[in-house]
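One structure is given below, encoded as structure tokens.
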Amino acid sequence: MSNMLEVADLGHTYGDYEAIGGLTFDVRAGELVCVVGPSGCGKSTLLRTISGLIKPTRGDVRLNGSHLAVVFQDYQRSLFPWLTVQGNVEFPLRSLPRAERRKRAAEALEWVGLTAAARKRPWQLSGGMQQRVAIARALAFRPALLLMDEPFASVDAQTRFELEDLLLRVRREHDTTVLVVTHDIDESVYLGDRILVLSSSPARLVANLEVPLPAERDQVTTRTADGFVALRSKVARLLNVGKPSMDVEKWAAAERESLSETVSSS
Amino acid sequence: MNKFLQRWAVFAGLVAVWEALGLLADDPFFPPPSEIAVAAWEWWVLEPENLTDHVLPSIGRLLAAWAIASVIGVALGLLLGRSDRAMEYANPLLVFLRSIPPPALVPVFLLLFKVGTSMQVATIVFGVIWPVLLNSVDGARSVDVTKVDTSAVFQIRRAQWVFGVVLPAASPKIFAGLRVSLSLSLVLMVISELVAADNGIGWQLMQAQRDFDYTRMWAGVVLLGVLGYGLNTALLAVERRALAWQPRSRDEQHA
């Protein structure tokens, strides 16, 4: 299988601050890879260097194709309120002839189940629907790689499950290569074929884990499967390894204190 | 309809009071509205050459100057607003030029253009360009980062970036500037015509006053008021259509 994305020794520093330090990984065609790391570990820098929004200070990003698309976390800001839903989906396609543009937009809206909302403005839709518009827009662009930045972090839990399943269905039906950057361990295990675990800043690759779950996933059965639980714990341990966070120590201290209090009062 | 009556009740009441006081006082300086209306009718409707030689040229100059200022102001404003470097260089100059009271430049423009349309248009353009320009700068700066990133990722062309992203994002601010500029255009049109002109509403106003025809003088004042009201209403209607895409809640904040 060919690689859609090859990242070699990618590093970026802002002044003295090293955000990411030497990342090397590939994403194969048709694969869904999740990048998971502690908050503030340089995930957004990684995303911005891969998408070409900033030039990395060192290393190399090679995309097997002319362009990628990004779905940002903040759909309200990334969609254009002066365009209709259809207009938003056609936004990346302006260089195409009108008929072709229409066709692709209608197609993409159908994939995400928003055909009926084509003429509405994004702000007339719910948050989940708005993010579906953003996904449709990215898919209509036919990117070599679909890059997603915490795509479901701004919607409620129910909608989040729906969107996760929508992503899995769409990428299976259309053989899309996807890289999801997230801080949510459960999400990364549920969505991913493979998980890249990053350390906190500077971001380094801690582990590259295949997800041993069947391609067909289900919100209830998958999340309770042994493989899921085991992998989730493994990723959680990896994220805490090497650098126990302040909070963990604080919680431990608080727990000891409350225990001793209960003991002394009884 | 009820709301319409309510809105105009105070206005109509004041006109009625003026009418009554005017009739009672019988003061030549303050003719009652009915006489002013008759004078206006005679002046501009019964003698249409007054309309074509004075009123229409005035409106023409006002609209032409406002259009020129708007185009230059928006274009320059968007350019400066998207370039911090350019704005750093231009800012002191802009602040200085904007501080000059436009009527002070009437003598300068008189020297440059002589009495006539170009001098008046130059005066208006110089005076009204600032609200458009500065609001456009502000608007262009307010394009949020995610939209900038989105545009970059989708590799859109320059024309789409300017007309499809920056211009619409800046349009609420631009319209605010256009409205200020339009009412300022009327002010400067009158000033330029009062000081140096051989036709126009302002010139007619001045003539009427010099001929001791105070009713016609008042008719000129009323005409300017009507003109200002009409222009603003028209622009508001255009704005409402152009900015119909704005989320409702924000619309209410504007109201």
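Note that Cβ sites are derived from N, Cα and C of the backbone, with glycine treated the same way.
Since the structure is predicted, the reported quantities are computational estimates derived from the model, not experimental observations.
As recorded in TrEMBL, the features of this protein are as follows:
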- B:55-235: domain 'ABC transmembrane type-1' (DOMAIN)
- B:63-81: transmembrane segment (TRANSMEM)
- B:93-113: transmembrane segment (TRANSMEM)
- B:119-137: transmembrane segment (TRANSMEM)
- B:176-197: transmembrane segment (TRANSMEM)
- B:217-238: transmembrane segment (TRANSMEM)
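Within the chain carrying the transmembrane segment (B:217-238), a Cβ under 8 angstroms from the stretch's Cβ atoms is held by residues 31, 36-37, 39-40, 43-44, 55, 59, 62, 175, 178-179, 182-183, 186, 190, 201-202, 204-205, 208-209, all 6 or more beyond its ends. Across B:63-81, B:93-113, B:176-197, stretch B:63-81 shows the highest tally of CB pairs under 8 A with the transmembrane segment (B:119-137). Long-range neighbours of the transmembrane segment (B:63-81) within the same chain, counting only residues 6 or more positions beyond its ends whose Cβ lies under 8 Å from a Cβ of the stretch, are 87, 90, 120-125, 128-141, 162, 166-167, 170, 174, 177-178, 181-182, 185, 188-189. Long-range Cβ contacts of the transmembrane segment (B:93-113) within its own chain (Cβ-Cβ under 8 Å, at least 6 residues beyond either end) map to 119, 122-123, 126-128, 130, 133-134, 188, 191-192, 195-196.
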